Amino acid sequence: MRLDVVTIFPEYLEPLNVSLVGKARARGRLDVHVHDLRRWTYDRHNTVDDTPYGGGPGMVMKTEPWGDALDEITADGYEAGAHGPVLVVPTPSGRPFTQEVAVELSQRPWLVFTPARYEGIDRRVTEEYATRMPVYEVSIGDYVLAGGEAAVLVITEAVARLLPGVLGNAESHRDDSFAPGAMANLLEGPVYTKPPVWRGRGIPDVLLSGHHGRIARWRRDEALRRTALHRPDLIERCDPAAFDKKDRETLSILGWAPEPGGRFWRRPRDVEE
Ligand code: 6GU
């Protein structure tokens, strides 16, 4: 997979050299190119922004540097044999970046990221490139960052770990929280490793039982418990067909009950645990 990132802070993308993404690069699974947007400015001050039409606070990133940068970068990529580019535009007004989007992007051969500073990029840039390639405007969560660079790091890490031969073990993401279809989108429960006792704290006996069926059931119950506590919206959204008899028992103990339509809702409680 080829990745191009155009930014006014190339050094912000240094983490792409380390850890999982760095290893994927070293193994030849990822071909990463970081570009300084100011290379495509032609005035003495290397201007990339200007005041917004219609007034208002903040600055807007100008069309010309982005247009010239994207033209040159995509032309160079095609020349180097890349094909099928997708433009990924990180913005707090994008659609939510989810595991599903990560899977989609991991199946593309070439991602071009345009992290912006200030109040964003002149709308005409995304419109222009949308006529040439798919454009994904994505937000990584309901909060506002000063720029899209951190989002690029988040997105590349979520995508890179899905590439064949990057995680080492193909099973590793089968049980991911949010893996499509996995555990009906429950959060993963707690995990433990040696030593068996640490500062007087043991581990749940069932994990030492060697009884795979009971261990799987315990993990499922812990996943339900954790999801009910931290992400009740995921339980409410679940197709009730995803819950077996024991799931229903566990949910009932946690204070959840099926409504007439079959979906689960939570009984009001006096105390929070
Ligand atoms: Cl992708 N960019 C910025 N600037 N803020 C964000 C975001 C992206 N996602 C959530 N907040």
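Placed from the backbone N, Cα and C atoms, the Cβ positions cover glycine too.
Fair warning: this is a prediction, and the values are worked out from it, not measured in the lab.
Going by TrEMBL, these are the annotated features:
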BINDING   I140, G141, D142, Y143, V144, L145  S-adenosyl-L-methionine binding site
DOMAIN    1-236  domain 'tRNA methyltransferase TRMD/TRM10-type'
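Neighbour density for D142 (S-adenosyl-L-methionine binding site): within 10 A of its CB lie 7 other CB atoms from the protein chains shown. Within 8 Å of the Cβ centroid of the S-adenosyl-L-methionine site, not counting the listed residues I140, G141, D142, Y143, V144, L145, the chain contributes P92, S139. The candidate set comprises the binding-site residues I140, V144, L145. Of these, I140 has the most other Cβ atoms within 10 Å.
Note on the domain 'tRNA methyltransferase TRMD/TRM10-type' (1-236): its mean pLDDT in the predicted model is 94. The Cβ neighbour count for Y143 (S-adenosyl-L-methionine binding site), using a 10 Å radius and every protein chain shown, is 7. In this structure, G141 (S-adenosyl-L-methionine binding site) belongs to neither helix nor strand by DSSP; it is coil. Non-local neighbourhood of G141 (S-adenosyl-L-methionine binding site): P96, each in the same chain, at least six residues away, with C-beta under 8 Å from its C-beta.
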